[in-house]
């Protein structure tokens, strides 16, 4: 069924999580980037339009600065023996890493797609780009303009500026605008993009083969769930595996994304991006995932 969906879909959003993009040591996986670019190029040769939602700015920032980030609950970065430190609290450090890492991330994507004579375009989004009608219309127009010219849009949240836990700026030093709220995770961002663009398919690549009835990393008897027709019935009753320090989402955000898009008639596939050639394997029917079917 997943193979048939790929064959029929003309407009596909592919979301790539940090867990998928990062190697075990936290550095971006160049081989995965190359595989993904090759698969997207193949899809485009078949007449499909592809939008990529890519996490990984913080991971790329860590790699670029040759330092280690703080633990998930920590406040700040450890000193690196040759590079010193990035001072500040946890949120400020993450934003600084994202500022450095986003440039590194898009550079690596550009190189990966250039091998297939494909150009990429960068979108750094905020929640208001989807909640404000004028800004949403501009996003949709620019996406369409690029796609008509066979450019691959690569989207991420503007993590260098969007954060909910940094100190507020004094009133006399800020412009009087409504406070910015984060999208918070790229599962949600990819769902927003799929809805705005009216995609035919949303693919979420994670580090596990879809949804299970319990955590497969902790339970050997965990059962894979290949098909979901009622997202609400899964809430609190399923698992995707243990969380990874590189990611911000989890099973809850993926179920939220599935709920949003399936209500709009868009199918969602959750699959493992760590397999060899994950996208092409799904297209051939050689890889398994969880398919969330649209609400009828």
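Placement of Cβ uses the backbone N, Cα and C atoms for every residue, glycine included.
The annotation in Swiss-Prot ties 55, 186 to substrate, and of the candidates under consideration, 29, 159, 213, the one tied to the same site is 159. For residue 251 (ATP binding site), the nearest neighbour among the listed binding-site residues (55, 159, 186), judged by C-alpha distance, is 186. Taking CA atoms as the reference points, residue 15 (ATP binding site) and residue 186 (substrate binding site) are 7 Å apart. The two recorded residues, residue 159 (substrate binding site) and residue 253 (ATP binding site), show a Cα separation of 17 Å. Over all protein chains present, the Cβ of residue 15 (ATP binding site) has 31 other Cβ atoms lying within 10 Å. For residue 55 (substrate binding site) paired with residue 253 (ATP binding site), the C-alpha to C-alpha distance reads 14 Å.
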